[in-house]
């Protein structure tokens, strides 16, 4: 029974006629035809009613020609200018006249119906052609989108037509492709650089271990030194992995936001960096005004710490760092400026790329990972904050992070000079 039921269902599906796919072009054509048919039917009904009223309500004039060509009123009739119905024909002639009027109205209805049917068919054909021409550029978008893969995201639609909705759709699609291309390229660079950075400490640890094992007469001091170097390489690897995890958390966004005072975070971080600033001969000037923001407190603390550390590391000796928090139009604002080497305006963009540092593609300093500003950008994006980076003519940078008002939304962008 089960097999018989399955065969029956299969046969019904094969016998069932396949309806044409309801494409946008078909729906637009049906819409055009339906609108024309409805409007034509309404116009036909109005015309029929007016003609019927004019024919059935005909009035016999109250004047008959006199023998001498003058017009004289009939007796017992109202004065000229007023209408009056009077039956001047016998009953048989009146019936003939009524039939003639009915025939005229019927003929009008039939002819109008035929004309409406023909014009409706023509409107459907014209609607099909017009809808096809309108949707031709949309089919170009679909074909191009199906043709593009992750390996040729450089292709663009580049519509040259009129500035209509389809042109706007094409431009939006081109912008999306540009962002996807940049994202894929950044992802490839990040994976390659991260793999290299993670492999370097592992290679170093392996080399140190092999050197220690190859020593035929190792001493306690040599083994201790080798182990300390291995531990240092492991600590560097741990910091790198922690930075990568923080970067991933920043890109993941924030689901639950809590209010925090940006001034308190900045004050705690500046106090913790006093010894480092003294060691580098850098003076920290600060101005902490109340600056309430909403988001993830730990991530915001990492943002401030990375900016302060970046200002300390890329500085001159002696040098200075200014840290300021304030509230402007309901926005919590953090500004960090520092002295240092001159930065070209076109080099600012590269500073926010992972594993990038000014003047080199990868970091080679033992105290840096090349992820500081990348993490700052990711955390700022997660908080809907805006980063404005301006090179100072005399050297150094001025970085301003503007958080949205509590309960508001920001622009998720980075401004460059």
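Placed from the backbone N, Cα and C atoms, the Cβ positions cover glycine too.
Looking at 108-131, 132-155, 156-179, the stretch flagged in TrEMBL as transmembrane segment turns out to be 108-131. TrEMBL lists transmembrane segment at one of the ranges 30-51, 52-73, namely 30-51. Helix, strand and coil counts from DSSP across the domain 'HAMP' (132-185) read 37 helix, 0 strand, 17 coil. Within the same chain, residues 24-25, 28-33, 36-37, 40-41, 44, 47-48, 51 sit at least 6 positions outside the transmembrane segment (108-131) and bring their C-beta atoms closer than 8 Å to a C-beta of that stretch.
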